[in-house]
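The following features are taken from Swiss-Prot:
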- Gly51, Ile52, Ser53, Gly54, Gly55, Val56, Asp57, Ser58, Thr168, Lys197, Thr219: ATP binding site (BINDING)
- Asp57, Glu173: Mg(2+) binding site (BINDING)
- Arg148, Lys181, Asp188, His268, Lys269: deamido-NAD(+) binding site (BINDING)
Amino acid sequence: MTQHDPVARQASISEEMHISAEFDAEYEIERRVAFLANYLRSSGLKTYVLGISGGVDSTTAGRLAQLAVERLRAEHYDAHFVAIRLPYGEQKDEADAQQALRFIRADENLTIDIKPAADAMLAALDQSGLLYKDESQQDFVHGNIKARQRMIAQYAVASARAGVVIGTDHAAESVMGFFTKFGDGGADVLPLTGLNKRRVRAVSKALGAPEALAHKVPTADLEMLRPQRPDEDAYGIPYDAIDDFLERKPVSDAARETILRFHEVTRHKRALPYTPFDWPVQTSGD
């Protein structure tokens, strides 16, 4: 029945995304700092690693990570947080990223330019004879390469520092599948899970983040043909509608249909790789 009832599907998806009926920013800060501290200690590893873009998600996750390692050190556990800038050449909103770093106050800051590696991979694909439908498709592929190159860099640092990679995925992005599979979607821990966009903003403000970062227009900024394209432009609906949907509030039929469609077609992005034991298979003898 749930499959065909849009309101029931809304409730089911809200539960899937771990959206609680009640929200208290201070409680969520403590819950997520404790989670990060407990996870790192139990893993036996020493370092958290996170890419900082200058958006509210990485700003929030970064400050939570720094608070977690400071808590661990106060408890005599050796812990360290490395914040990494991962620009593609010159980033247009670099000033925002630097403001985020000043707010986060990470133990260590690194900068790794992904442009040479990302461009080299695109050139290698071109040399292989791979053809694209059009320039837009090539730009999209290049954008995904950038996201995955950032993942490679973060895991390289984590490998060198006995570290764990933090991801910034939250419920509003997750329900829409708005991340690159094995790119920004590749991480070990996701401390923002269970928060929609407005709640991430509320947590960031409770942490003391600058107002300009807390309310910055979100953009993945992966495509060169559409630089700084807002997330909401890609969705076709505003974050407020997605957040209302996740909080089980009334939304327009058009918004609900858009969210349900995105959720369905991006289902594979939220799952581990499928195996013959996960998926029904019909053989020629069936």
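Cβ atoms here come from the backbone N, Cα and C positions, even for glycine.
Small disclaimer: the values here were computed from a predicted structure and weren't measured.
Features per Swiss-Prot, on structure.
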| residue | record | contacts (Cβ under 8 Å, 6+ apart) |
| --- | --- | --- |
| Gly51 | ATP binding site | Ser58, Ala83, Ile84, Arg85, Leu86, Arg150, Ala153, Gln154, Asp184 |
| Ser53 | ATP binding site | Leu86, Ala97, Ala100 |
| Gly55 | ATP binding site | Asp96, Ala100, Leu213, Lys216, Pro218, Thr219 |
| Asp57 | ATP binding site | Thr168, His170, Glu173, Leu192, Val200, Pro218 |
| Arg148 | deamido-NAD(+) binding site | Thr180, Phe182, Gly183, Gly186 |
| Lys181 | deamido-NAD(+) binding site | His268, Lys269 |
| Asp188 | deamido-NAD(+) binding site | Ala158, Val164, Val165, Ile166, Gly167 |
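Each of the binding-site residues Thr168, Thr219 was scored by other CB atoms within 10 A of its CB, and the lowest score goes to Thr219. In the three-state DSSP classification, Lys181 (deamido-NAD(+) binding site) falls within coil. The most densely surrounded of the binding-site residues His268, Lys269, judged by C-beta neighbours within 10 angstroms, is Lys269.
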